[in-house]
Amino acid sequence: MEGLYAFCVGLLTACGIFLALRGRSFSVVIGLTLLSYAVNLFLFASGRLKLNAAAVLGESEQYSDPLPQALVLTAIVIGFAMTAFAVILAMRARADLGNDHVDGTLPVSPADTAQQSGGNRKCNT
Amino acid sequence: MTRPLDTISTFFTENSKTGGGGTNIVNVILVDFRGFDTLGEITVLGIAALGIYKLIARMRLYMPSSDDNGLAWSEDRHPILLAVISQSLLPLALLVSAYIFLRGHNMPGGGFIAGLITSVAIIQQYVAHGVEWIKTRIKLDYQIMIGSGIGIATLSGLGSWVFGHTFLSSWFDYFYLPVIGKFELASAMVFDLGVYLTVVGATMLILANLGQLTTSERPIQKEHD
Amino acid sequence: MQHLSIFPILIPLLFGAIMLLPPISRDINSQRIASVVGTLFLLISSAVLLYTVNSEGVQLYALGGWQAPFGIALVADKVSSLMVLLTAFLAFAVMLYAVAGQDKGGAYFHPLFMFQIMGINGAFLTGDIFNLFVFFEVLLIASYALLIHAGGKQKTQATMHYVILNLVGSSLFLFGLGILYGTLGTLNMADMAIKVGQLEGETATLAKTGALLLLVVFGLKAAMLPMHFWLPKTYASATAPVAALFAIMTKVGVYSIFRVYTVLFGEHAGELANIATPWLWPLALLTITIGAIGVFASPSIKTLSANLVIVSSGSLLACAAINSEEATSAALYYMVHSTLASAALFLIADIMARQRGKAEDRFVRSRPFVQPKLLGFAFAISALALVGMPPLSGFVGKIMILQATQSSTQTMWVWPLILLGSLAALITFSRAGTTLFWRHNGTAAAEAEPAKKLEIAGVALLLLASPVLVIFGGDMTTFTQQAASYLHDIHASAYQLLPGAAQ
């Protein structure tokens, strides 16, 4: 169980970082969201994983660590607020600057250099 | 992370019922043991909503006149089926959120979840009827909700000063009423009410304004850019 | 008074919430009055707090009545109450400046300003590492919203970078925090400091990973070298009062580095003792270098002041790397000085920019100022303070840092860099002053408005701090000395704070 869990968190983090490093604000926002999911799962696991151990008194024999769960709830809400802000900011940047590149200007390279660099800048230069 | 670990959580498990008055340990941590974190958290949510409102205020993004394939949008913006169903769902959703709110201390639930359920119910009305229709019927000022939510949560913490305790100290007791039977009142519920108000206010301020954004058509003279 | 140590958090929170409610929310004038009154209250209560801490010792405030390490505790010791007072003073002066007219240009300036102060004060006072995260987020989200105040393309673009970077930073903070909780099993910093010494083997390595992740986060806030590039653009594009308030933001990062790496991972931490020092050394020195180069290359005063913030961050980080009582004491003094002086320069730059028409604050030939004498005087004082020339506080601060170096190797690295940084600032300031005040053509622009009285009052308050810091330099250094020795004495700063825990 721990191995699978760790693998999933790692995969989410990797995807999140990859997307966050891209040039378009949309993929960056998605990447940040994935990263915050990964971090929430990670924080949840820092109290160790247990089965059948809900942190409600009288519901089960043993209890899992309730503190990380409470921390995760706080972190989720904060992450939600931050992501919402980032989404709207990306929209605002699109409206103000006329494109959705995080730098506010599209890379000057014409289409041929864009193709060489793996195509991630290909979309309508 | 598979090593055994001795944490401070055993204290929470032992004191949740006796010290915090609830069996849902996570919720007792949120509103009592670490209530200060939650106060910070709803402040973050409230500020985010204010910031987003600030961002949207002067934003110019217009609804495209057609979709990607060049087809015009449907004229029927508010289907009657959706409108009728969502309207009848509203009281039910509010009831569920009240139920979730009240049971939060002992079972999964609480002010935050209840706030989200309420917001979803109201958002549903926005989706079904459009912003203009809602504006004439729901006259809630979401900014006031955020302010009063944060205010109530803070004041519930200040209340404990009167009894000589530190900020956010909680109090709870059990009462009996005919018909209803034994029930519990806790100062944490006032705090939870603040959380509820802030969550509803913040999510509505964000989503309602976001929805409003794309309903305006692009002015004709700006078509060239 | 029992509740004194929570006042610096509650006052801005309550004032912020009230300003969202009618009737105040509808009327900017009553918001202004509320803001000034609020910051004034804050200033008074912070001063009383500092006085109480100085005479009665550390104030521990257990929230909800739950004793540390189980509940969240606020710790008002000499270091944190000094920082809180600094914040309050800065906030008051900046608010005086802002109410003169810069607060328009967008909704919610006053509530956001209050929430920002709440976040900063909370980050200074809290003794719980997750609570520190929460307050970091409060101050960050408020800073995002303040940054876009008054709008404009430049601001949107700068905010975009700032927000994305800090969101990644917040994720890293939580990763580090999760690792530390997973290895230490506690969130209270004093409790962590005690438990960290017992770690060994693999667990210690894990905790080290977490601790260094936190260093990245704090380094991002403090504008430490690889993570400094967001700062000049962000600060230069922000509205003047916001930029001036932001002068304390990098100090929050530096303060957290001091808190975490001297108390938590200090000399007593067993296998993890002083883990940050090998990283801090090169990064701090390189930060000073890059900042100095940036100072040379600055095309306008706002960019210049932003780069000076980086230099001062680097100097403070160098103090953290030296890791001794003298260095910490020097850092505390320098922190107070540099925050106030750079905030003043941001405000002065704004007044100048408004009087020069299209040239704004760039170093180009332009129209003369409407109030050349006043501005020249203010500019000269802030320049003297920031360069570190006698007789102002920058000189004392830099001398203290230079004296704190211990070995010859340290001296060899720190002295030339700090002195060269000052030289860079000196050259740039003289060049800037010459261009701004003496190379002009035409007459003063008719539409340019002279600085308002409240604005001058705000700037004057900030500038006045510099000579006051020198005149009361003796008391001040004694105080920072005591604060530093408290921070380094783990038995005083950790064990004493845990009445609930078995030692």
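Placed from the backbone N, Cα and C atoms, the Cβ positions cover glycine too.
Per TrEMBL, the features are as follows:
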- C:33-53: transmembrane segment (TRANSMEM)
- C:79-100: transmembrane segment (TRANSMEM)
- C:107-126: transmembrane segment (TRANSMEM)
- C:128-427: domain 'NADH:quinone oxidoreductase/Mrp antiporter transmembrane' (DOMAIN)
- C:132-150: transmembrane segment (TRANSMEM)
- C:162-184: transmembrane segment (TRANSMEM)
- C:204-223: transmembrane segment (TRANSMEM)
- C:235-258: transmembrane segment (TRANSMEM)
- C:278-297: transmembrane segment (TRANSMEM)
- C:304-324: transmembrane segment (TRANSMEM)
- C:330-353: transmembrane segment (TRANSMEM)
- C:374-393: transmembrane segment (TRANSMEM)
- C:413-433: transmembrane segment (TRANSMEM)
> Among C:79-100, C:304-324, C:330-353, C:374-393, C:413-433, which stretch has the most Cβ pairs under 8 Å to the transmembrane segment (C:235-258)?
Replying inline: C:330-353
> Taking pairs 6 or more apart in sequence, does the count of Cβ pairs under 8 Å between the transmembrane segment (C:413-433) and the transmembrane segment (C:204-223) hit 3 or more?
Replying inline: no
> Going along the chain, which residues at least six beyond the ends of the transmembrane segment (C:162-184) come within the CB cut-off of under 8 Å?
Replying inline: 129-130, 133, 136-137, 140, 143-144, 147, 191-192, 195-196, 199, 203, 206-207, 209-214, 216-217, 220-221, 227, 230, 234
> Relative to the transmembrane segment (C:33-53), which of C:107-126, C:132-150, C:204-223, C:278-297, C:330-353 accounts for the most Cβ pairs at distances under 8 Å?
Replying inline: C:107-126
>> Out of C:79-100, C:132-150, C:204-223, C:278-297, C:374-393, what stretch is closest in contact terms to the transmembrane segment (C:107-126), meaning most Cβ pairs under 8 angstroms?
In response: C:132-150
> Out of C:79-100, C:132-150, C:278-297, which stretch has the largest tally of CB pairs under 8 angstroms to the transmembrane segment (C:330-353)?
Replying inline: C:79-100
> Would you call the transmembrane segment (C:278-297) and the transmembrane segment (C:204-223) in contact, using three or more Cβ pairs under 8 Å, pairs 6 or more apart in sequence?
Replying inline: yes
